[in-house]
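S.K.: I'd like to ask you about the structure that follows.
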Amino acid sequence: MENSEGVKIESTVVTEEPLISALDIALFVVIITVAYFWYFRRDKQSSSSEKKPYTIQPSSLSSIEQTSNSSFIKKLKSTGRSLVVFYGSQTGTAEEFAGRIAKEGARYKMKGMVADPEECDMADLVEMKEIQKSLAIFCIATYGEGDPTDNAMDFYEWLQNGDADLEGLNYAVFGLGNKTYEHYNEIAIYIDQRLEELGATRVHEIGLGDDDANIEDDFVSWKEKLWESVCSHYGIEETGEESNIRQYKLVDCSEVLPERIFSGEISRLKSYENQRFPFDVKNPYLSKIAVNRELHKSGDRSCMHIEFDIDGSKMRHDTGDHVAVYPKNSSELVDKIGELLNADLDAVFSLLNTDEESSKKHPFPCPCTYRTALTYYLDITSNPRTHIMKELIEYASDPKDQEKLKLMASSTPEGKKEFHEWILRDNRNIVHILEDLPSVKPDLDHLCELLPRLQCRYYPISSSPKVYPKSIHITAVLVNYTTSTNRVNKGVATNLLAQLIPTNDELPQPTIPIYIRRSQFRLPPKSQTPIIMIGPGTGLAPFRGFIQERDYARKEGREIGEMVLYFGCRKKDEDFIYENELQEYVANGTLTKLHLAFSRDQPEKKYVTHLLEQNADELWNIIGEKSGHLYVCGDARGMAKDVHSIIVKVVMEKGQMTNSQALNYVKKMEQQKRYSADVWS
């Protein structure tokens, strides 16, 4: 017999046991079965790997870099390169500029590569001197309130905290910023100065690009002078006329299995069908639209209140954070490109880097159809940059169209003027260009290579996770406007969102990919700290979350500080958004004061800035006498600048300070996070 563990117990009756028992046979069969399935599963995976050239790489580094501990130095040495261009990019522009510089290096006998500092061991910069005639260029954007971009944060902190000996490193820096923001190109300026402090040699003076004006013009002008400095520094000459060399080659993927074809995913194939936590920029969450309602009461403009369902996603956020929304281009524009170029948009293709050692194998997830690329991956609504004009020249059969493109691609004063007027002022996108220059018929695969990536759109979250833990709210104005060529341009994200209306029946609810982006726009740690919030229009969005959170604390029995809100819109009866909610918060005491400015409800315009000037005593009482916090959200170009000037003036007058002392006081408030701005231009 057997005990409870299946072990044989001797019996007084002795019987002859067989050499192989039934249990042994059963175990043998199980082992053989497992081995069989393991072998054929491995064989299947091996077969699948043969299709790997057609899939997007999960990171921006090649296998060579990954196996060499993220060493870009080893990559440079093993591939005979001497130029590396690093980028700090939040929207893709800095990465695009970096690619253009690396490509042009060939004209100056400098084989280049583009590198993401987040994926590299930047301490290897000390070894750049080991490579003859080497050069490191940094295309660095400043983001938020003078912050590094997400992918440049580690590099920035390494420079701040380290003291590496960078003697022998040759470098140049181009910054991407916006003059409407207070911390204009702050990160690029710091990196440029810090590299010099650590012993590096500046080959060319820093370039500062202003996105509020014409950052393309700034970049091209700087780049031309950069190469002059490079030639002088290294004693080299340009190899001749620049030729348009394709970075990617077309691969016919008509035979690829359907399950291996991307259909809009950002990185991982089938990621929207098989959602996996954590969710981020490369792995967004496909959220259902729970609520989509109009906030404006009347008028011809639209402002939407939208709620994204995040129940079960495990996504976490704080009040004041942003939500990133991945849009898609309208089918109308996509079809128009196919029609203008007489192309089969449903053909499956891949673009494969002609440089086999490049860390970027594809410009976007491949393989996919042209329709997918134009819908989900490529920006077809923004103004194309001058390098695209240059690449289109060879496709123009009409001499007049050729001359026009040549002029706009040039750096002459006449060329810059024509580009500014015909592209920027008239707001033409690639569809408009192909319509207005009918002889220009680029190969669709080349056009897909040239166009920049479609970027996600960021919105301040207008809800508190303590009050709404299962949803994220945003407040978005529908963007529609008529250009000087009588074309109607539509905002990519807001027009898509306007179409995503949830239904009350059992039909599948509309969805859209999202992820959370952290922000420094935060309530004070102590709920008793008084705050002033200035947010006209949709600038109210994050403050709705602030008020909800303080109201939640009050209902829990905690003491809350004064909350003063300045809100403005055109007309009270037209676009006073969240009116009932705000009035209720005033009634229950959560919102101490609500200052309202309706600019068009009286003959003379009235804005929140006028109210701030009238309430100097209240402002100083909170930010000066009570050490409260002040927040600004909305337009950077006008409103935020005016608010800053008014605050400095109030500090001068009520705090009895000189202009210099007042500026230092406000600067200190910013450093202490007592003066925070979440603004856009």
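Heads up, residue numbers simply count up from 1 along the chain you see.
Just so it is clear, glycine is given a Cβ too, placed from its N, Cα and C backbone atoms.
Pasting the feature list from TrEMBL:
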type     : residues                                                                       : note
TRANSMEM : 20-39                                                                          : transmembrane segment
DOMAIN   : 83-227                                                                         : domain 'Flavodoxin-like'
BINDING  : 89-94, 141-144, 176-185, ASP211                                                : FMN binding site
DOMAIN   : 282-524                                                                        : domain 'FAD-binding FR-type'
BINDING  : ARG301, THR538, SER599, ARG600, LYS605, LYS606, TYR607, VAL608, THR609, ASP642 : NADP(+) binding site
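I'd like to know what surrounds each of these features in this structure.
M.R.: DSSP places the residues of the domain 'Flavodoxin-like' (83-227) in helix, strand and coil in these numbers: 65 helix, 35 strand, 45 coil.
The average pLDDT for the domain 'FAD-binding FR-type' (282-524) in the predicted structure is 96.
Counting every protein chain shown, the Cβ of THR609 (NADP(+) binding site) has 20 other Cβ atoms within 10 Å.
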S.K.: Find the shortest Cα-Cα separation between ASN178 (FMN binding site) and the binding-site residues ARG301, LYS605, TYR607, and name the residue that gives it.
M.R.: TYR607
S.K.: Relative to the Cβ position of ARG301 (NADP(+) binding site), how many further Cβ atoms are located within 10 Å?
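M.R.: For ARG301 (NADP(+) binding site), the count of other Cβ atoms within 10 Å is 12.
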S.K.: I need the CA-to-CA distance for LYS605 (NADP(+) binding site) versus GLY144 (FMN binding site), whole Å please.
M.R.: 30
S.K.: Going by Cα-Cα distance, which of the binding-site residues (SER89, GLY92, ALA141, TYR184) sits nearest to THR609 (NADP(+) binding site)?
M.R.: TYR184
S.K.: Mind computing the max CA-CA distance among ARG301, THR538, SER599, ARG600, LYS605, LYS606, TYR607, VAL608, THR609, ASP642, which the record assigns to NADP(+) binding, rounded to whole Å?
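M.R.: Overall maximum Cα spacing for these binding residues reaches 26 Å.
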S.K.: If one measures from the C-alpha of TYR184 (FMN binding site) to the C-alpha of SER599 (NADP(+) binding site), what distance in angstrom results, rounded to a whole number?
M.R.: 30
S.K.: Would you mind checking how many other C-beta atoms are within 10 angstroms of the C-beta on TYR181 (FMN binding site)?
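M.R.: Its Cβ shell of radius 10 Å holds 24 other Cβ atoms.
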